[in-house]
């Protein structure tokens, strides 16, 4: 059983900081003076006077970018000029110069009168190299900072771009495919390709009227696999399958509709599904997981051999993946693999995709002392499901560092399967593994805007902390009420 995705540099750039001379004692004296100067500036603004002078002048916000040698005390000397000219500094950032490796560039957002600013610039010219004056706020844009990083979607609607970059369309069948010589089947596959390629984020997923033969094929797969699930599937799978029968029409005589499944998953775990025309690259497929979006095929395998398919079809997606995507812990595990892939190098994405393959596609877990399957490739393949839980299978403990080196086999049973005690354990191991990924920033999924925020400086991190603080306040309030109720 082939998984839902299988086919397949980023460089470091300088991190931006708030100070280049933070270890110099003289800085603390300067920063103290600057703080005092800012307070004086505020008082003078209230009285309408220009700092240090008797006349009044209109202050306005402006900015300057200058470069200086990366040496101890260099920043202190430059910033002292701002103090001497009574220029109020609102924000400071630093980064390595793109012009000379031995220099750094300083961005200063400030507030002052025109006269003071011109005098400041003249003094700065003697100590620094002026790069630009009064630049736009986005002088150091994220686009510029990420220019050496592989593109990834920053908002959920940009998954349209990922979904349409199909490597192999559903109509391109190999000569050994059961439906290769079936022109009617090939035309049907073309229909599903057109549906998927025409889909855009926010639209309801088109409902498909499956043919009698397609429904019959689905029915055979559903019936035979259902016999194995009680003794082979994990408890999370067994918990959700009856719910899918109740709310999404999982029956032997009915092929479920992706729109119904997507709405069900949204309520259970926050995941949704969207149609896809064929194979995606690992990078594009994993990017969908970062947004809790799973790309699903809608076509059904060829009816001549219902228990075999050389590619992922809707039987694989609906019976293998969906029941576990409805589990919140499994959903979180899936999303974290996706988040780790964003902006990662091709080599790291390959490693993550291999870990995905041997967990979400072919993973095993221990429950009540017994091996159980949670991988979709197993739960949608009768032969391999039996094999993986038999004495003939080679089972190893899941360790991302070694698992990522295991060869992924497509047309035969795997040489090895990997077992975890729980989804939580697998998730923690993947978190530790993700720390080794070469990526000079972290990412945060904002569930309110369904966008990815890049955490690379104190301001971006502060925004996340504010959200966490709000959540913690809610938890603390709930605990206090529980304690009051219990009389603690």
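Just so you know, glycine gets a Cβ as well, placed from its N, Cα and C.
Annotated in Swiss-Prot:
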BINDING   316, 321, 361  Fe cation binding site
COMPBIAS  40-58  compositional bias 'Basic and acidic residues'
DOMAIN    63-138  domain 'ACT'
MOD_RES   19  phosphoserine
REGION    34-60  region 'Disordered'
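Cβ neighbour count within 10 Å across all protein chains ranks 321 highest among the binding-site residues 316, 321. Around the Cβ of residue 361 (Fe cation binding site), 27 further Cβ atoms fall within 10 Å across all displayed protein chains. Secondary structure at residue 321 (Fe cation binding site), taken from DSSP and collapsed to helix, strand or coil, is helix. According to DSSP, the secondary structure content of the domain 'ACT' (63-138) in residues is 25 helix, 31 strand, 20 coil.
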